[in-house]
Amino acid sequence: MRETSVHIVSLGCPKNLIDSEVMAALLEQAGCRIVSGPEEADILLLNTCAFILPAREESIDEIFRLAEWKKAGKCRHLIVTGCLPQRYGAELAAELPEVDLFLGISEVPNIADHLRVLMEGKHSEKNRVIVTNPLFLMDAGHPRLLSTPPYSAYLKIAEGCSNRCSYCIIPRLRGKARSRPIEDILREAEDLVDRGVRELILVAQDTTAYGRDLEGKPTLALLLRELAGLNTLAWIRILYTYPTGLTDELLNVIANQDRICSYLDVPIQHIDDDILAAMKRRGDSHLIRNSLERARAVIPDLALRTSLITGFPGETPAKFHRLIAFVQETRFDHLGVFPYSPEEGTPAEKLPRQVSQRTKETRRNLLMEEQAVISHEINQTLVGSLQEVLIEGPSSSPDYPMIGRCRRQAPDIDGLTYVKGGKQPFLPGSLVQCRIVAADDYDLFAEVISSPD
């Protein structure tokens, strides 16, 4: 396969992105050349998402887009991997003859072997779809070709999910929760830091469930203490926590370790107790409120992000107004809202009192409008404050020529910090002390007060 060129498109969440990075590195080790555009590629590889309807639609659209390159260019084969074939492999094969090979989630470590067989013409129609039980769990021995900027990387600490939310298909796609041993995670983290990574972003389906399946039941708090000992690492950020997992031990570790950002992503989905029960979420509204209040009390200057679902079956106007009142009261720093997507095979799909798509979208928009006001007000309170900013690169603004993120901002999902002053340009990955001089709904504007570290 030497000099075979491969173009990889990765859709969905950061956890899926890591799978794509592993496949890219394995293909490169096998002699392939990873290229940035489909027009350069012999092989097109699409790693898909199938979590909700919009994700499936995006995946199908991308298959058709890449298939056009296959028809028109030098591309020889189109491979589709990930959650979509894991869920619909046989159906996809019947409907999409343009695709040469469909691979499920457990085939990530075998990608080079599959490509070799495909290029040798040994793949038959019978094994055009290869989907097995989702048992793959990456370890530090799996290489990664980072697709994120070199100063920031995601670190997958577990795979799968043992929560049984009534609306969610993830346990069927990814299997039960499987945690990586602390020693293995530390090996990968050390390698990433040696490669220049300054920000590690911990991800899993539920990061606070980390270790429950391992002997000795190590906790996320213990893992964080170990990671915080990596000397040249600047920031550790935690995504995908669960309200019931915000233990005092975890909150105190975040509060007392300088390298851990005062930032928590806590998807709560709803606040109405009837809706939470129908969702089969662990914990009620009292637990959610208590968890968030404790987090803010323990961690100074905590930035809170959450995700919500609108239009879940049974969400009456009164229940929705309870949700919007909670958002107004709690004042999250960052918020994502998703209209409920009925997923085939989930208990929620069969619930009575389904809500119209139009109502779901309207309620989502109302929440986001309210959040824009809240975010603007919170950002205004930051004007005059000192913030450490991780420089990402040049911006398009002549007034603020550099762009970055402060500890309150996760990549891709939160706002940005625009930077002026100092001896610019700064190298991407530099940490700069800044004073916030202005703010809008989602972004901050800062002036450098000290040189990069």
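Even glycines carry a Cβ here, placed using N, Cα and C.
What Swiss-Prot lists as domain 'MTTase N-terminal' is 4-120.
According to its DSSP assignment, Cys83 ([4Fe-4S] cluster 1 binding site) is helical. Annotation for Cys83 ([4Fe-4S] cluster 1 binding site): spatial neighbours Gly12, Asn16, Thr48, Cys49, Ala50, Phe51, Ile105, Leu173, Arg174, criterion Cβ-Cβ under 8 Å with sequence separation of six or more. Positions annotated as [4Fe-4S] cluster 1 binding site by Swiss-Prot, on the basis of sequence analysis: Cys13, Cys49, Cys83.
Per Swiss-Prot, the feature domain 'Radical SAM core' maps to 147-377; the stated evidence is sequence analysis. Looking at the domain 'Radical SAM core' (147-377) alone, the prediction's average pLDDT is 97.
Cβ neighbour count for Cys168 ([4Fe-4S] cluster 2 binding site) (all protein chains, 10 Å cutoff from its Cβ): 21. The [4Fe-4S] cluster 2 binding site annotation in Swiss-Prot covers Cys161, Cys165, Cys168, and the record cites sequence analysis as its basis.
Among the features that Swiss-Prot reports, domain 'TRAM' is placed at 380-450, with the record citing sequence analysis.
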Could you give the Cα-Cα distance between Cys161 ([4Fe-4S] cluster 2 binding site) and Cys13 ([4Fe-4S] cluster 1 binding site), in whole Å?
15
List every residue in the same chain as Cys13 ([4Fe-4S] cluster 1 binding site), at least 6 positions away in sequence, whose Cβ is under 8 Å from its Cβ.
Cys49, Phe51, Val203
Check each residue in the chain of Cys165 ([4Fe-4S] cluster 2 binding site) that is at least six apart in sequence and keep those whose C-beta is under 8 Å from its C-beta; list them in sequence order.
Gln269, Met279, Lys280, Arg281
What are the other residues, in sequence order, whose C-beta lies within 8 angstroms of the center of the C-beta atoms of Cys13, Cys49, Cys83 at the [4Fe-4S] cluster 1 site?
Leu11, Gly12, Lys15, Asn16, Thr48, Ala50, Phe51, Ala55, Gly82
Take the mean position of the Cβ atoms of Cys161, Cys165, Cys168, the recorded [4Fe-4S] cluster 2 site. Which other residues of that chain put their Cβ within 8 Å of it?
Asn163, Arg164, Tyr167, Ile169, Ile170, Pro171, Gln205
Let's check the environment of Cys49 ([4Fe-4S] cluster 1 binding site): how many other CB atoms sit within 10 Å of its CB?
21
